[in-house]
Amino acid sequence: MNIDHEYRTDISSGWNRKHILGLQDLSRDELNIILNQASEFKRLAAIGETKLTPLAGTVVANLFFEPSTRTRISFGLAAKRLSADTVDFSASGSSLSKGESFVDTAKTIEAMGVSYVVVRHKTPGAPQLLAQHLDANILNAGDGTHEHPTQALLDIFTIREHFGKIEGLTVTLVGDILHSRVARSNIWGLKKLGAHVIVCGPTTLIPSEISKLGVEVSSNLDDVLPRTDCLNLLRIQFERQRGHYFPSIREYAHLFGMNKQRINKAKENVLILAPGPINRGVEITPDVADGPHSIILGQVSNGLIIRMACLYLLHLQRTASLGTPG
Ligand code: CP
């Protein structure tokens, strides 16, 4: 089979965006192009076609200025599956400690022949800054509390794969909405694709203006659980919090943690997602995390093909803009 030909279907026609910085920027059509391209890569993987060649001869740089397990490894593997060379940067041990700026560091790495830059940074807007200063195509791998577009795309892909649709589903995001880039990206993406989105958590962890995004707001998980199709359990972002938002972890787990008793009150086919890393016993008990409703490891697997799709689409844009064959 000529795989190079097979994956260049018309799925990607209509894509001309240079960067993927957030789901706020993307249209419904663009979201569907990414999701459909990911489906195509998943289909190819299922028939054993795991090593594809479109990015051969290009370099993808992973610039992680914050810790990561899932995003970093899956972007690295996605690039390799598409035959790109990869370079990995970690802030610790770099020349940042000698006073080099963020942009100068990125430009230095770009000068080694890098075409695609994956960046995670604690500062909201850091990927946009690189998009302004570099020629490379930029992929946001999480910027502070702002957006984490590929996490939301893999969440949405996983939900769509399970239910066969997004339109009309009720998705409840539970927990630390205030500090969650995953929540923001999920809200933009899910709303554009026609889901009803509920945000649920302690009132102190829900931004006051969030209802302007068209979401329902609740502080009572037991109230919203019976009409929820998917629960996305967000981690309490202790590292971003600058105060006490609830009296104790025990109380949080009692009010907002997903456990066996709550599963019994939920829809029979409720789907449990968590972007991870998970705090077992806080937002989810181990029996639920490892139980039949949980799709947490499936999300991780889908992260790989979502990131392949994103890299591939940016590659198509790049080659088209340079006038070279994709
Ligand atoms: N969900 C997520 O972004 O996980 P990592 O921090 O491990 O990349």
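Including glycine, each Cβ sits where the backbone N, Cα and C put it.
Features reported for this protein in TrEMBL:
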DOMAIN    18-161  domain 'Aspartate/ornithine carbamoyltransferase carbamoyl-P binding'
BINDING   ARG70, THR71, ARG120, HIS148, GLN151, GLY276, PRO277  carbamoyl phosphate binding site
BINDING   LYS98, ARG181, ARG235  L-aspartate binding site
DOMAIN    167-314  domain 'Aspartate/ornithine carbamoyltransferase Asp/Orn-binding'
Using the centroid of the Cβ atoms of ARG70, THR71, ARG120, HIS148, GLN151, GLY276, PRO277 as reference, list every other same-chain residue with Cβ within 8 Å of it (recorded carbamoyl phosphate site), in sequence order.
SER68, THR69, ALA141, GLY142, VAL182, PRO275
Radius 10 Å, atoms counted are CB only; among the binding-site residues GLY276, PRO277, which position scores highest?
GLY276
With DSSP assignments reduced to helix, strand and coil, which class does LYS98 (L-aspartate binding site) get?
helix
Looking at Cβ-Cβ distances, which residues of the chain lie under 8 angstroms from ARG120 (carbamoyl phosphate binding site) while being 6 or more apart from it?
LEU63, PHE64, PHE65, GLU66, SER68, THR71, ARG72, ALA141, GLY142, ASP143
For THR71 (carbamoyl phosphate binding site): DSSP state (helix, strand, coil)
helix
What binding-site residues among HIS148, GLN151, GLY276, PRO277 are found with a C-alpha within 10 angstroms of that of ARG235 (L-aspartate binding site)?
GLY276, PRO277
Most Cβ neighbours within 10 Å: which of the binding-site residues ARG70, HIS148, ARG181, ARG235 is it?
HIS148
I'd like the number of other C-beta atoms within 10 A of the C-beta of GLN151 (carbamoyl phosphate binding site), please.
23
Cα-Cα distance, maximum over ARG70, THR71, ARG120, HIS148, GLN151, GLY276, PRO277, record's carbamoyl phosphate binders, Å
16
Mind giving me a neighbour count for LYS98 (L-aspartate binding site)? Other Cβ atoms within 10 Å of its Cβ, every protein chain shown.
6
Going by DSSP, give the three-state secondary structure for ARG120 (carbamoyl phosphate binding site).
strand
Listed binding-site residues adjacent to ligand 1, that is, members of ARG70, LYS98, ARG120, ARG235 whose C-beta is under 6 A away
ARG70
Conformational class of GLN151 (carbamoyl phosphate binding site) under the three-state DSSP mapping:
helix
At the Cα level, what's the spacing in Å between GLY276 (carbamoyl phosphate binding site) and ARG181 (L-aspartate binding site), rounded?
13
Could you state the whole-number distance in Å separating the C-alpha atoms of GLN151 (carbamoyl phosphate binding site) and ARG181 (L-aspartate binding site)?
9
